[in-house]
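J.: This is the structure I have questions about; it appears just below.
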């Protein structure tokens with residue numbers, strides 16, 4: 001039987017809780033899984049501390065209790081023996097090649113896999129090596145409350161909009177005809193523009209719905225959301241800029257100061273995250289795993305706003 005956990009809200013923070021006593025050995029039971037789900041539903045970001053550092057196998061086994069873990073598909077930047085694990089690092093190997101992805105600079109607000117048909121449901125980051133002088137904090141913003149705080153008329157309109165997400169820059173300027181008839185996940189003859197685990201661009205509704213809680217979130221981020229299809233270019237930019245002003249608002253945001261051994265788990269559907277810069281002469285390494293929705297349509301519901 002898994003040992004008891006202690007879950008404590010992070011004082012003074014808009015979101016987030018610290019979880020002590022979690023079992024990463026692969027023996028986590030169904031009761032503890034549901035307890036973690038409920039804590040995630042409430043706090044959106046969970047910081048696990050006071051546990052034995054899990055092996056790659058144990059980390060993956062733990063993550064799989066919360067959904068399907070896809071391979072990264074990368075030939076560089078992933079763990080050599082576990083392609084599902086992305087290495088977030090500025091470290092160079094003996095040949096001067098990066099061992100992972102990322103750098104020491106600011107990483108803009110985003111949510112993982114928004115540019116793929118099967119978006120990420122949960123993210124996990126495990127600290128391995130941290131810059132001694134600090135920096136590199138990971139920031140999380142609550143996009144459920146961001147949605148709920150919008151003016152009623154705007155919130156209603158957002159439910160009729162779809163947005164294009166892309167890993168490629170400049171793609172928002174493609175002619176309108178190319179947008180039409182691209183990604184569709186409806187109907188027996190639907191043909192996705194990209195494969196579920198191999199894509200770099202797709203289209204999603206602008207409002208997502210958490211299948212466990214029913215809460216709705218703005219599903220847009222400055223890094224990957226390029227265009228609202230139903231609006232002209234100017235109007236699309238105006239609406240997106242209004243939405244992009246939400247990430248980082250203090251009353252919606254938690255800034256995680258990393259400690260050795262920390263594992264952070266977060267709701268990818270209802271949050272966006274970013275990374276602060278750190279000294280590029282110092283080393284930083286984290287292991288990253290995500291889960292994705294089994295059904296690509298699960299987070300997207302056409303019903304009107306409540």
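The backbone N, Cα and C atoms fix where each Cβ goes, and this holds for glycine too.
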J.: With 138, 258 listed by Swiss-Prot as 2-oxoglutarate-binding, which of these, 164, 284, 287, is given for the same site?
T.: 284
J.: Measuring CB to CB from residue 284 (2-oxoglutarate binding site), give everything in the same chain under 8 Å that is also at least six residues away in sequence.
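T.: In sequence order, 88, 89, 90, 91, 104, 129, 130, 131, 136, 278 meet the Cβ cut-off.
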J.: Can you tell which of 110, 273 has the most other C-beta atoms within 10 Å, given these are the binding-site residues?
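T.: In terms of Cβ crowding, the pick is 273.
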J.: What's the CA to CA span in angstrom from residue 110 (Fe cation binding site) over to residue 138 (2-oxoglutarate binding site)?
T.: 12
J.: Just to confirm: which same-chain residues, 6+ apart in sequence, have a Cβ under 8 Å from the Cβ of residue 112 (Fe cation binding site)?
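T.: Looking at Cβ-Cβ distances below 8 Å from residue 112 (Fe cation binding site), excluding near sequence neighbours, one finds 120, 123, 268, 290.
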J.: For residue 258 (2-oxoglutarate binding site), name the DSSP secondary structure in the helix/strand/coil scheme.
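T.: The residue in question, residue 258 (2-oxoglutarate binding site), is coil (DSSP, three-state).
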J.: Taking the residues the record says bind 2-oxoglutarate (138, 258, 284), how far apart in Å are the two Cα atoms that sit farthest from each other?
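T.: The widest Cα-Cα gap among those binding residues is 12 Å.
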